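Written below as structure tokens is the structure these notes are about.
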Amino acid sequence: MAVKNIVAVDLGASSGRVMLATFHTATQHLTLKEIHRFSNTLVFQDNHHQWDLVALERDILTGLQQIDAMGIAPDSIGVDSWGVDYVLLDKNGQRVGLPYSYRDHRTDGVMAAVTAELGREAIYQHTGIQFLPFNTLYQLKALCDAPPDDLDKVEHLLMIPDYFHYRLTGNLVCEYTNASTTQLLNLEKKTWDGELLDYLGVPRRWLSDPVQPGHAVGNWTAPSGRQIPVTAVATHDTASAVVGAPLQSRDSAYLSSGTWSLMGIESDTPFNSPQALAANITNEGGVDDTYRVLKNIMGLWLLQRVCQERDIKDLGTLIQSATTLPAFVSLINPNDDRFINPPSMHQAIRDYCREHGQPVPQSDAELARCIFDSLALLYRQVVLELGELRHAPIRQLHIVGGGSQNAFLNQLCADVCQIPVLAGPVEASTLGNIGCQLMALGAVTDLAAFRHMLTHNFPLHRYTPRAESDFAGHWRRFQALSQPETAPQGKKETTQ
């Protein structure tokens, strides 16, 4: 019986993992084994928030070397990560400059200046990408407007997963789904937008033409001497998460729930109408020539920060305490600028509630309840916006990722959105990464077959909406808070 061993390196904005999948082609049985899990934390150095790429590479190699020591020769390796962030290389392939994080404040005010100069409508018609102040477009504008002394040494720009593929193989490849997050890819041509690059002053030699998921990057030489193929998967973690979401129909929306919440639909065509622009909808690249028509939501970053600041270790107890409190007492707009990276998240939430004349949450449980209620209401808003764009209602929501383990938030989402919710699998990004590799190897015929296989290997949990008698008033309150929408400052992830 043919067996495929696949390695997925899944890098998130707060953690990473090296996972080994074993797929039996005859029985369609897929198992996952976690080889190495590690943290990914921002480093504040030289007055900027940066990624510790050296530590990430060390952890990636630790996982791969452990697999090699087990005597396993994987059929393929693939890396996915968050979007928008990049690495600059010189002609010798050495890093140039700092590996900035999207949460760094160097882009503050840049998006406003660029859109004032070029016009939101023109940028959106070119790219179809939502306006987020940390998009690569604005990161590069900040870089080129205040160029470091060594900028003239730059020969190549790689997105984060492309950089690690390069470190494994020595080959420079730019993958499409992550490239689409930059707001520099032409929506129609699916290649770099020359006008935007010229505006920034970015030489075109920095950027190679994007390749589609499934592209063979090269080989990694393992300590044993084995040559292991490396495949460009859907390298944006959300793109992989969508592959790993067993959507049941085109009337289903997905919600990749983690540090960021990313909600959207799969579409054969992009949506870049004035209505889509007004809703700040993005059209990121997907697999099989699809578009991920979606919206970024601040997500569980809010809760993660509160737990960190308040030294909360027992998340289960916190959630249980929140369930006992009255609903919708204090509400925030999770996508308000102030929540991207405040000095104190719990204080930012309290200040917001105070400024809007609401009860100020004091206890940890009250803060959590405020976050959960507000996220569910924002999910409802995006579900309605997506339905209006496609001229057909969303009939089911599929939640994947780490946040899909939060049964309370899942049920709250079903209740507020008034549609059934399916939750799982948890490791959707990892599974989507694996799916891209299996399809590239011909072990799975297509995306539909892969998703069908997932439903037989990973249990899904269904949440049926319940009626809320006094919901209309809470919904009006939230709409007042969220209009006009303020886009989140500063990802990312999730992510984005």
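Quick reminder: no glycine exception, Cβ is built from N, Cα and C everywhere.
Together with Ala13, Ser14, Ser15, Gly16, Arg17, Thr259, Gly402, the ATP site in Swiss-Prot holds one more listed residue from Gln65, Gln212, Gln304, Gln358, which is Gln304. Of the residues Gly71, Gly78, Gly83, Gly442, Swiss-Prot puts just one in the substrate site with His236, Asp237, Thr238, Asn296: Gly83. Cα of Cys413 (disulfide bond) to Cα of Asp237 (substrate binding site): a span of 23 Å.
The secondary structure of Thr259 (ATP binding site), as reduced to three states from DSSP, is coil rather than helix or strand. Counted over all residue pairs in Ala13, Ser14, Ser15, Gly16, Arg17, Thr259, Gln304, Gly402, the record's binders of ATP, the longest Cα to Cα distance measures 19 angstrom. For Gly402 (ATP binding site), applying a Cβ distance below 8 Å and a minimum sequence separation of six or more within one chain yields Ser257, Gly258, Leu300, Val426. Of the recorded residues, Gly16 (ATP binding site) and Cys353 (disulfide bond) place their C-alpha atoms 34 Å from one another. In sequence order, Ser330, Leu331, Ile332, Pro359, Val360, Pro361, Cys370 constitute the residues six or more apart from Cys353 (disulfide bond) in its chain with CB-CB distances below 8 Å. Within the set of recorded positions Ser14, Gln304, Cys417, the entry lying nearest in space to Asp237 (substrate binding site) is Ser14 (CA atoms). Within the set of binding-site residues (Ser14, Thr238, Asn296, Gln304), the lowest number of other Cβ atoms found within 10 Å of a Cβ is recorded at Gln304.
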